[in-house]
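Q: Below: one structure in structure tokens.
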Amino acid sequence: MQSIKCVVVGDGAVGKTCLLICYTTNAFPKEYIPTVFDNYSAQSAVDGRTVNLNLWDTAGQEEYDRLRTLSYPQTNVFVICFSIASPPSYENVRHKWHPEVCHHCPDVPILLVGTKKDLRAQPDTLRRLKEQGQAPITPQQGQALAKQIHAVRYLECSALQQDGVKEVFAEAVRAVLNPTPIKRGRSCILL
């Protein structure tokens, strides 16, 4: 059976661990415990093919920047996460996560995932963001960023509501089993 290594990255507290625990156990964790490194494994059947999906949960906090990249070798697909309710985590995809992943693994496919989709219409979240002069990230903003970083797909999910979680990892498997050429936006012109 083919094994696929999927590394999940993104800012601290965007919901990476909840996404992985929800996918592997169908349960939502009750408390937030910052991750240093964790591994999960699941058999996944996608388009009639069964694979062993090795899921790597990484620390988003800056103090783990040097340690985190040790998990990158032999990665088959990256899932870069941001919270729909956190515009700074969205901006960090462009400024931190995409550059880091591309530096270490330039030819590995990327999925961009907006987490905590359930908070987009939640009154307390909307009020908090409005007080900061911000708003939740829209699906259109997610699609635009995915295009900008040449992600294979943009998906949204809510681990709390078990909405879109299975689709994230099905698409991660598809990105490996059915690769599309990765366009990085760089071209070489010889004169």
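Note that Cβ sites are derived from N, Cα and C of the backbone, with glycine treated the same way.
Values in this document were obtained by computation on a predicted structure and should not be read as measured data.
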Q: Among 5-13, 32-40, 50-58, 104-112, find the range that Swiss-Prot records as motif 'Effector region'.
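A: The listed stretch tagged motif 'Effector region' in Swiss-Prot is 32-40.
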Q: Could you check which of the modified residues Asn39, Thr138, Thr180 is the closest Cα neighbour of Gln61 (GTP binding site)?
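A: Nearest listed residue in space: Asn39.
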Q: Of all the modified residues given, namely Asn39, Thr138, Thr180, which is spatially nearest to Tyr32 (GTP binding site) at the Cα level?
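A: Comparing Cα positions, the candidate nearest Tyr32 (GTP binding site) turns out to be Asn39.
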Q: What number of additional C-beta atoms lies within 10 angstroms of the C-beta atom of Thr138 (phosphothreonine)?
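A: So the number of other Cβ atoms within 10 Å of Thr138 (phosphothreonine) is 12.
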Q: Check the DSSP secondary structure of Asn39 (ADP-ribosylasparagine), expressed as helix, strand or coil.
A: strand
Q: Could you check what DSSP calls Phe28 (GTP binding site) once collapsed to helix, strand or coil?
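A: Once the DSSP labels are grouped into three classes, Phe28 (GTP binding site) ends up as coil.
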Q: Let me know the model's mean pLDDT on the motif 'Effector region' (32-40).
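A: For the motif 'Effector region' (32-40), the model's average pLDDT rounds to 74.
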